Structures are given as structure tokens and as C-alpha cells.
Ligand SMILES: Nc1ncnc2c1ncn2[C@@H]1O[C@H](COP(=O)(O)OP(=O)(O)O)[C@@H](O)[C@H]1O
Ligand SMILES: O=c1ccn([C@@H]2O[C@H](COP(=O)(O)OP(=O)(O)O)[C@@H](O)[C@H]2O)c(=O)[nH]1
Ligand SMILES: [Mg+2]
């Protein structure tokens, strides 16, 4: 039987996609800001896009997203992949990369499940690298509880954090392990200060040929 093959919406010849993974509170959002500043990445946080969709007037997904996020569950991938794909298209239309350069997308907090990784790479774009922040749960927990004092996020509480950790171990780490087998992972120890972690991040990606822009 002929196998069906789809062409991704964006060619890896035109855009560079780096997935940015790590447990909740490992520092993805914080380090993303550094990477945007120094490497010209467009930062797309799957969680931020879902939270924006949750409160968007007229969204049919608002209640569903709210429940999934509070329970630390993974929103059905069609929703998240559509948000990411459309955000990439919007960015390319409104803020194209300098002539002769490829647009760089840093996709933060995605893919969190193996089927999302496969679906995204088949339909949107093949990734170049996976940057992984490796951080123990006790460190992530204390960061998240502190973040919860001001974030206003209804998943930054002890009960939701426990559920998010469970989802991360059971569902998201297998994605990292799969990309590891393909030789695509740059793993960084994320327990140091923000500056220390960033130093390791920079060294890791530059070793893979990603340089400041
Ligand atoms: N290296 C670090 N040391 C101490 N606190 C950190 C560090 N990196 C991030 N934080 C803080 O920890 C919390 C979680 O970081 P964040 O970047 O939002 O992580 P993630 O996006 O992976 O959940 C934030 O309040 C952030 O300010
Ligand atoms: O691809 C994704 C990314 C996020 N989420 C949901 O959004 C929440 C928050 O994700 P975010 O990346 O913002 O959390 P962080 O890791 O930064 O704390 C997750 O727990 C999930 O419920 C999801 O369903 N699919
Ligand atoms: Mg984040």
C-alpha cells in the first residue's frame, strides 16, 4: 500500500525551528528572552499561545483550555499546532528575516507528547535542534511556587504543579528521549543562576552551529 506523505507548511531550507523543552519551572521562558535578544529568534511559547486563546473573545476552546491547563494535561494537539503554525506564518508576513538569512523560531514548551512532535514535523516544519533544560523537581517546585506569588496563573499552585510534574515525566520526557536517539538534543543543567544557565545554553547551541545574529 502506498504510504501517504504530507509536505510541511514551512521548509527547513527557509526557517530554522528549535524546540525548547524542560520541566515546568526549569527556566524556558527566562532563557528564551536571552536567546531572542542575542540570536534573533522569534519566541513562540505554546503555553502563552494557549493562554491567549483561552481568553480570546469568541474562542470555542476557552473552557477546554482552562481545564486542561489547571489539570496539567496536554491540550489536544490540533489546537496547539494550529496556533503555532499560524503564529509562524504571521511572523514571517509581518517581520520577515533579513535578506539572505533564515527565520529562526524558538518553540518553547512544545512538543510535550510524542504524537505532537510527529504531527508538527510532518505538517509544519522539521526541527533543527532540541534544547533541553535539565532540572530536578525540588528546584522547579520552589521556582514555580515563587512564580505563583505574582504570575496569576491558576496552575502555579502545589496541586497543579504535582500534576504537571507527573505529565512531564510520563508524557513529555519520552519526547526528549526520542529526539536524543536522533542526536538532536542539546541538554543543559539548569540549576545554576540565570546567567550561569545562559552561559551553558550559549555554549551548547554554538557547538551546533547556531551563532549570534
Ligand atoms: N536559573 C534560575 N534561577 C532561579 N530562578 C529562576 C531561574 N530561571 C528562571 N527562574 C525563575 O523561575 C520561575 C520559572 O521560570 P520560567 O522561565 O517561567 O520557567 P518555565 O518557562 O520553564 O516554566 C520564574 O519565576 C523565573 O523568574
Ligand atoms: O504544547 C503544549 C504546551 C502547553 N500546554 C499546556 O499549557 C500548560 C502550561 O504550559 P507552559 O509551557 O506555559 O508552562 P511552563 O512549563 O512554562 O510552566 C501545560 O501544563 C499544558 O497544560 C499544552 O497543553 N500543550
Ligand atoms: Mg514558560
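Keep in mind that glycine also has a Cβ here, set from the backbone N, Cα and C atoms.
Over all protein chains present, the Cβ of residue 27 (ATP binding site) has 24 other Cβ atoms lying within 10 Å. For the recorded site, residue 27 (ATP binding site), the DSSP three-state label reads coil. Taken from TrEMBL, the feature ATP binding site covers 25, 26, 27, 28, 29, 30, 147, 192.
Here TrEMBL flags 51, 73, 74, 75, 109, 110, 111, 112, 116, 153, 164 as ribonucleoside 5'-phosphate binding site. Residue 74 (ribonucleoside 5'-phosphate binding site) falls within neither a helix nor a strand when secondary structure is assigned with DSSP, and so counts as coil.
Residues 28-29, 32, 83-84, 87, 107-110, 112-113, 116, 153-155, 160-167, 171 of the same chain, all 6+ positions outside the region 'NMPbind' (45-75), place their C-beta atoms under 8 angstroms from a C-beta of that stretch. Among the features that TrEMBL reports, region 'NMPbind' is placed at 45-75.
The region 'LID' annotation in TrEMBL covers 146-156. Only residues 6 or more beyond the boundaries of the region 'LID' (146-156), in the same chain, are considered here, and those with a CB under 8 A from a CB of the stretch are 25, 51, 66, 69-70, 72, 164.
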Spatial neighbours of residue 111 (ribonucleoside 5'-phosphate binding site) that are distant in sequence (at least 6 apart) but have CB under 8 A:
19, 77, 117, 120, 175
How many other Cβ atoms are found within 10 Å of the Cβ atom of residue 109 (ribonucleoside 5'-phosphate binding site), counting all protein chains shown?
22
Cα-to-Cα gap, residue 74 (ribonucleoside 5'-phosphate binding site) vs residue 25 (ATP binding site), nearest whole Å
16
Looking only at the region 'NMPbind' (45-75), mean pLDDT returns 98
With every protein chain in view, what's the tally of Cβ atoms within 10 Å of the Cβ of residue 51 (ribonucleoside 5'-phosphate binding site), excluding that atom itself?
16
What is the separation, in Å, between the Cα atoms of residue 29 (ATP binding site) and residue 109 (ribonucleoside 5'-phosphate binding site)?
9
